[in-house]
Amino acid sequence: LQESESENRLDGETASDSESKSDFGGSPPVPTSDDTPEVLNRALSNLSSRWKNWWVRGILTLAMITFFFIIIYLGPMVLMTIVMCVQIKCFHEIITIGYNVYHSYDLPWFRTLSWYFLLCVNYFFYGETVTDYFFTLVQREEPLRILSKYHRFISFALYLTGFCMFVLSLVKKHYRLQFYMFGWTHVTLLIVVTQSHLIIHNLFEGMIWFIVPISCVICNDIMAYMFGFFFGRTPLIKLSPKKTWEGFIGGFFSTVLFGLLLSYVMSGYRCFTCPVEFNNDTNSFTMDCEPAELFQLQEYNIPVVLQSVVGWKTVRMYPFQIHSIALSTFASLIGPFGGFFASGFKRAFKIKDFANTIPGHGGIMDRFDCQYLMATFVNVYIASFIRGPNPSKLIQQFLTLRPDQQLHIFNTLKAHLVDRGILGSLEDA
């Protein structure tokens, strides 16, 4: 009997799950299906399912790319709003899956607490962002200055309130299921909310750090699908049977080339390369600065081995293009593992897509599973190889100190510069 029971269990289920079996229910969730618009269904009715899916995905992809260009044109504030909306939708999709898979219909306060924790985490991250990037504005307004000063304590108090509410909601017959869902909510917050705020931080470093990585992931997704559709023969990974080596390799070379070309075009425009800063005089975002060395054309020597092939000895390119090779390589080789992770997640719970929001594509999370992994890499890459001390932020913080503190820093800095001989040489000049 024990052997027959173990054979009937789902993958990963253990004998200790017998208590939660009654809570979860025995039947797996019904796979979601895409709601293809009736107009497309009629227009493509004569095609096979393979080609129909190809056209549906293609048309919706073009529509999404067009929408992407529009929100870029509308500026940073709209981009941040869209990132926030995408984050909320992705959170909703994953929480809904947990709600359906575990049949959490009778859990007290489950959905209320899930959204409450989302609110707490967003309050913490957005508060940190506002304090960091809008420091002068925060110091100018008394209510904002108080909230900024005690921001972390308020954030902790809000979370602690939710934690106590969860403990008070525990009921005897649902203990295990409630802790499953508590963990489900927090892992979702870690994956979705944290990464979305890293995207916003990348955006403030310059629009180019937002657009190029996202575009590389999009390009790799499209080109891998195209190469796999027309030339795919060799399966790549069991988690995604439709993924092929031909698509993986074709997507890699296409994405690296695309990243180089896109970086070359965008590096010539200040609106893309300058950090996004808040102008206190106009109360608006500005993207105007002297281009950093990263975005100034440099001359590079071509390796001798390649000179005979290309016929050039030197090439002029932006240093950022070299960094774009690292970004596009990650988007092509490591980024897809975010999609494989999502595929494994969906297979674990026997669902086809996270939702049916976008016909031919599934849910919002199905389109952003690789983007979140990419956002983390870009943020780490900038912190490790690009970002240096920001003089403007240091000056802003310096001006908010008391006069005696400013004088102390001034005298300390003056003594340091005199010891190094820098201040004396400036006075002589």
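For all residues, glycine too, the Cβ spot is worked out from N, Cα and C.
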The annotated transmembrane segment range in TrEMBL, which must be one of 67-89, 320-342, 366-388:
320-342
What parts of the chain pack near the transmembrane segment (178-200), using Cβ distances under 8 Å and only residues at least 6 beyond its ends?
20, 80, 83-84, 86-87, 90-91, 94-95, 98, 102, 104, 107, 110, 113-114, 117-118, 121-122, 125-126, 129, 166, 169-171, 210, 371-373, 375-376, 378-379
Among the ranges 109-126, 153-171, 320-342, the one whose Cβ pairs under 8 Å to the transmembrane segment (206-232) are most numerous:
320-342
